[in-house]
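TrEMBL feature annotations, pasted as is:
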{"type": "DOMAIN", "residues": "209-410", "note": "domain 'GMPS ATP-PPase'"}
{"type": "BINDING", "residues": "Ser237, Gly238, Gly239, Val240, Asp241, Ser242, Thr243", "note": "ATP binding site"}
Amino acid sequence: MATEVKSSVKENVVLVMDFGSQYTHLITRRIRQLSIYSMCISGTSPLSAITAAKPSVIVLSGGPDSVHQEGAPILADGFWNYVLENGISVLGICYGLQLMVQMMGGEVKPAESREYGRMEICIGKGSSFYGHNVEERQPVWMSHGDEVVRLPEGFSVVAKSLQKAVAAVENPAKRLYGLQYHPEVTHSVYGIETLRHFLFNVCCIVADWKLQDVLEEQIQTVKSMVGLEDHVICALSGGVDSTVAATLVHKAIGDRLHCVFVDNGLLRYKERERVLATFESDLHLPVTCVDAANQFLSKLKGVTDPERKRKIIGGEFIHIFDEFSLNLEKKLGKKPKFLVQGTLYPDVIESCPPPGSGRNHSHTIKSHHNVGGLPEEMKLKLIEPLRWLFKDEVRKLGEIMNVPQGFLKCHPFPGPGLAVRILGDVTESNALETIRLVDEIFINSIKDAGLYDSIWQAFAVFLPVRTVGVQGDRRTHSHVVALRAITSEDGMTADCWGLAYGGDNFDLDFGVHEESGKYGLSLVAQDSSGRKVE
């Protein structure tokens, strides 16, 4: 059994070792949600980086690799001796579990029946990890192709899936625990309670961290980066992220912050007018509006690939900020040195591996215009005070700084705007005008029904297909738009929101038709019995 060490060797810190899972930083976020300080480093970091953090608990994340794969990431030499000798608890999740089992002398094999998505597990009695008064059957989120087939000495199975695969193991004497599923995602219904019990009751961590600490830390970080005579440009989109970032930086450096709002021609209905009015009346931030619609749309003409759109838009934004910087230099007599962006961690995760992160085991989901689209030779240095936060944390940070609720409750809107909500060329078929009108009607309908705050994100998508419909007494053949509404807590996992009509759930389609230069919307819904409603 490991020997307990002096408190000077450990601090009240949970260290997350990143092996490339898209959920890795969600684990960090969940732990912080419990008011525990958590930080994340690469799973292949040297032992010196781990010991420097003085963790009381280490979490080994999941990842896309197999432990049998050549070049698969492994822990630093001496890791297991370090944690065992210092009484540090370790929790392996998914790949982290499999890596722990293999390195401790167990066996992992490719699963005969791979488990992905919602599954149910059965928990045995007397588990140290789960404790008492726990639901014996729990829905969880699985995502694995390998499975544990033989445990290392001293380990026992404490939960299995309905397919009889190992779902959880423990070795309380050595403080080693493992889960095959992801407790950090909301689809694992009891996941947060499981983590709570593990951290507080098993590991005896103290809840002494709060979001106010993040605010104070980031303000000090900005002050240390920006010299007393330096000026900073902030790119405002009108959404939650950039608004909170601007407010935070303004608290740090005051009027040396210069905000710019770019109309890229890809905004929603009357968004430019609404955003600028709110910035002036509520936030009292001086904002310069740059009309660059023609510049963006000319570059996007003929482009249909969404990843290519993101790259083009990211590049154009930086060109505009550089130009704005030159004009500001003429006015101030000195060149601004920094650019503030409201980049969040989901942006970074989906664009992984993050530039300069030293992590190379993550798979790219999509490039965000403010992450993957940045050119290598950028003239402004970046300030990203929200880079390691999630959407719900940013909203809470905004509340602390008294940012208006109208900003904080706004549904997320992509940086590339309507360009990624139009499947195809944004300059063809009056797609932009169509999607603006549809989106405005859709969102206003949700607000009128009192559902806006219950839905995490709702939006319309312009599809590159046509369909037959009836308008008045005439047959029409025109474009189709799709409506989406989803629920989420942190932007990492999501469920569909059940749109309802008259108490029944329907699949809804808006057909948009052009007649005499005007647009109208026709709604046709059909339930499971085939009954149609217009």
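Indices start at 1 and increase along the chain as displayed.
Backbone N, Cα and C atoms are what each Cβ position is placed from, and that goes for glycine too.
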For the recorded ATP site formed by Ser237, Gly238, Gly239, Val240, Asp241, Ser242, Thr243, which further same-chain residues have Cβ atoms within 8 Å of the site's Cβ center?
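Those within range, site residues removed, are Leu236, Val244, Ala245, Gly342, Phe407, Cys410, Phe413.
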Can you check which residues sit near Asp241 (ATP binding site), meaning Cβ under 8 Å from its Cβ, same chain, 6 or more apart in sequence, and list them in order?
Gly342, Thr343, Leu344, Leu386, Lys391, Val394
By Cβ count within 10 Å, point out the most packed of the binding-site residues listed: Gly238, Gly239.
Gly238
Would you identify which of the binding-site residues Ser237, Ser242, Thr243 has the most other C-beta atoms lying within 10 angstroms of its C-beta?
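Comparing the binding-site residues Ser237, Ser242, Thr243, the most crowded Cβ belongs to Thr243.
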Restricting to the chain of Val240 (ATP binding site) and a gap of 6 or more, list residues whose Cβ falls under 8 Å of its Cβ, or answer none.
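Same-chain residues close to Val240 (ATP binding site) (Cβ under 8 Å, separated by 6 or more) are Gly342, Lys391, Val394, Arg395, Gly398, Phe407, Leu408, Cys410, Pro412.
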For the domain 'GMPS ATP-PPase' (209-410), what is the mean per-residue pLDDT, to the nearest integer?
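Its mean pLDDT is 83.
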